[in-house]
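Scroll down for the structure; my scribbles are underneath it.
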Ligand code: 5AD
Ligand code: SF4
């Protein structure tokens, strides 16, 4: 009897991007309303959920590998419930693999039906059968799911879902469906509520935030949204991810100069510096367009930090194309970049392209690119020596209990000494030492 009253424990493992991280916060909220409590110890979990990513092959393989190792756990603990959800589940061929090779999985759901989780759990418990529930596209936005957010002082807020761009390498439009914007009132209400509860920084999430509002009934754009969020008391910092260079308007650039809460940092994926490759990628801008945007941004806000995503070894990428990417990197002087080896994603256009690049060559180019990026990043950071920067204190450093970490408005990671009571507050830090990826300093 006692055993049945014990609160059941859940563990969510999240793969992939911020969108997935935030979906996991929603799943967590749903489960806690069902009286589950979170655990980080896999051995004591009654319910394990893998929220999966399909954007590159290595993320996919890791999911299969980790699922395989749950088989033994399930044998030892037959009552253990296992669910897999997220982008991988939107693909029929993946579901087939799970159903045939990972029969210890109890529930499969996708990116558009997280809200149905309680029903799926009940169905599984009643029937003991494997429940598969997938919605092919999320036309309807479900507003009544809340989130069990990891931090109280900073939060992710979805502003739109899906992507219409169909970059030829990318699987996301097939797993997240078409663009669909939330109504501004719902976004504002959510952020006002966050601010009331002490949240200082919001990161607006969407696959292509510059397209925000295009499918709304009224004329209301991404910059209108930024202007409205800028008025919310208590919110001190606004960030967003991700934007597409083809839709980056002068109006948005102007927001950087006029909205005090909009952080001077833009993540603007360039993917390649070769116009030929950009065309093959279906990116709809040229290297020159990209450089023009960067020029205008730096003119409007000289201290702005620019970060990017770059893919190495897209089909047909020649040494010349790669050198153009290196040249672009040197010209823009990115503060940092996520660099990816091109990974074939079945179902995308690029997967069928013939001139795939040898893996060894991809690795050689990758090393050259990261060396160049790191040198530039260190150079930019060195210019910050002696400066005083505003930092939002985030947490205690994993390596040293006396050291705190936080981020500048330009999104640079800073280490400094201080007590944990400062977590969640804004402090001024004098920068005394810099590395490629971090700054170090003291509170003043
Ligand atoms: N191979 C390598 N990188 C990819 N990305 C998306 N699809 C692929 C792929 N097939 C990268 C892009 C994107 C980031 C989120 O992931 O750079 O901006
Ligand atoms: Fe993928 Fe391109 Fe859409 Fe980004 S904009 S999610 S890279 S298809």
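Using N, Cα and C of the backbone, Cβ positions are placed for all residues, glycine too.
Quantities reported herein were computed from a predicted structural model and do not represent experimental measurements.
Summarising the annotation, TrEMBL assigns [4Fe-4S] cluster 1 binding site to 17, 53, 87. Annotation for residue 17 ([4Fe-4S] cluster 1 binding site): same-chain Cβ neighbours under 8 Å, separated by at least 6 residues, are 53, 55. DSSP assigns residue 17 ([4Fe-4S] cluster 1 binding site) to coil, not to a helix or a strand.
According to DSSP, residue 163 ([4Fe-4S] cluster 2 binding site) sits in a coil region rather than a helix or strand. Positions annotated as [4Fe-4S] cluster 2 binding site by TrEMBL: 163, 167, 170.
Look at TrEMBL and you will find 8-126 tagged as domain 'MTTase N-terminal'.
According to TrEMBL, the feature domain 'Radical SAM core' maps to 149-381.
The domain 'TRAM' annotation in TrEMBL covers 382-444.
Ligand 1 lies within reach of none of the binding-site residues 53, 87, 163, judged by a C-beta closer than 6 angstroms to any of its atoms. When secondary structure is read from DSSP and collapsed to three states, residue 87 ([4Fe-4S] cluster 1 binding site) falls in the helix class.
A Cβ distance below 6 Å to any atom of ligand 2 is met by none of the binding-site residues 17, 53, 87. In the structure as shown, the Cβ atom of residue 87 ([4Fe-4S] cluster 1 binding site) sits within 10 Å of 27 other Cβ atoms.
Other residues of the same chain near the [4Fe-4S] cluster 1 site, with their Cβ within 8 Å of the Cβ centroid of 17, 53, 87, are 15, 16, 19, 20, 52, 54, 55, 59, 86, 172, 175. Sequence-ordered, the extra residues of this chain that approach the [4Fe-4S] cluster 2 site, with Cβ no more than 8 Å from the Cβ center of 163, 167, 170, are 165, 166, 169, 171, 172, 173, 207.
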